[in-house]
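Here's the structure we're looking at; comments come further down.
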Amino acid sequence: MLLIDVGNSHVVFGIQGENGGRVCVRELFRLAPDARKTQDEYSLLIHALCERAGVGRASLRDAFISSVVPVLTKTIADAVAQISGVQPVVFGPWAYEHLPVRIPEPVRAEIGTDLVANAVAAYVHFRSACVVVDCGTALTFTAVDGTGLIQGVAIAPGLRTAVQSLHTGTAQLPLVPLALPDSVLGKDTTHAVQAGVVRGTLFVIRAMIAQCQKELGCRCAAVITGGLSRLFSSEVDFPPIDAQLTLSGLAHIARLVPTSLLPPATVSGSSGN
C-alpha cells in the first residue's frame, strides 16, 4: 500500500509492508508541496519517482492519504489515481470511531489528521500514556493518556518557521541554516540565531514534555518525529526519534478502518505539519 502524508513542508510518500506480522513502512521520497502544479504534473513526477524507488504500478493499487493542505488533497489523490487506476482513500474524521485512540469532541473538529496518525502509531507502540513531538512547519505536542484518549495538543512555531520569521521580520538578520550548536552563547549572528532557535527549541521540547507528563499525571513515554527531528539525533537523555511515525500511523489506520465505507478522495484535514 502507498502511504502519503501531505504536509505544509513536505509531501512524504512511503510504502507499507509486513515483517513477521508486524506493520513496517519505508519512506520512498519527499516532494515540496506546490499548489501551482497540476494533476498531470504531479502524476508524471510521482510516477517517475516511484519507478526510481523501485515501486511498480501493482504496489500503487491501494493508497491511503493524510492531508493538512486541503488545496492539494484532491490534486495529489487524483494524480495517484491517474497512475494506478484506483482512487486513494483520504483519512478523515469518518475513521475516528475505528481507531485505538479516542478524540474528544472539542479536539475532534480541529486536530490535523497527521497528529492523529502520530498518536495512533505512538499508542500502538507504547500501549500506555505518551507524548508525541512533531518537528515540522509547526512544533506540535500531542498528549495521549493511558486509556488512549487524546487529552490535547500544543502548537508552537517550527524551527524553519522561526528562522524565516526572524529573517523577514527584521532588517539585518540573515536566513540562517538550521544546525544544533554546541553552546547557547553565540559568537556571531548565525551562531546566535541557531543557539536561540535550535537550542531554544530543544529546551522547549524538554520542558513541554515534562509539563505534559505532569498534566497527564504520569512520567509517560515520549517520541519525536517530523522532518527536522534529525537535528536532535546527537542528543543524549532525549526521547527516541522515529522519522517514520506518521507513515506508521497511517499504515495502522489503513488496516483498522473499513475504508470501503468512505467515498474516496474526500477532502479532509486541518492545520498541521
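Glycine residues also receive a Cβ, built from the backbone N, Cα and C atoms like all the rest.
Counting only residues at least six positions away in the same chain, the Cβ atoms of V11, V12, G14, I65, S66, S67, D114, A117, T246, L247, L250 sit under 8 Å from the Cβ of D5 (ATP binding site). Taken from Swiss-Prot, the feature ATP binding site covers D5, V6, G7, N8, S9, H10, V11, V12, T137, and the record attributes it to sequence analysis.
Counting every protein chain shown, the number of other Cβ atoms lying within 10 Å of the Cβ of T113 (substrate binding site) is 27. What Swiss-Prot records for G112, T113, D114, L115, T189 is substrate binding site.
There are 32 other Cβ atoms within 10 Å of the Cβ belonging to D114 (substrate binding site). Residues annotated as active site, proton acceptor in Swiss-Prot: D114.
Taken from Swiss-Prot, the feature K(+) binding site covers D134. Taking all protein chains in view, 29 other C-beta atoms sit within 10 angstroms of the C-beta of D134 (K(+) binding site).
The least crowded of the binding-site residues S9, T137, T189, judged by other CB atoms within 10 A of its own CB, is T189.
For the substrate site, whose binding residues are given in the record as G112, T113, D114, L115, T189, the maximum C-alpha distance rounds to 37 Å.
You'll find the Cα of D134 (K(+) binding site) roughly 12 Å from the Cα of G112 (substrate binding site).
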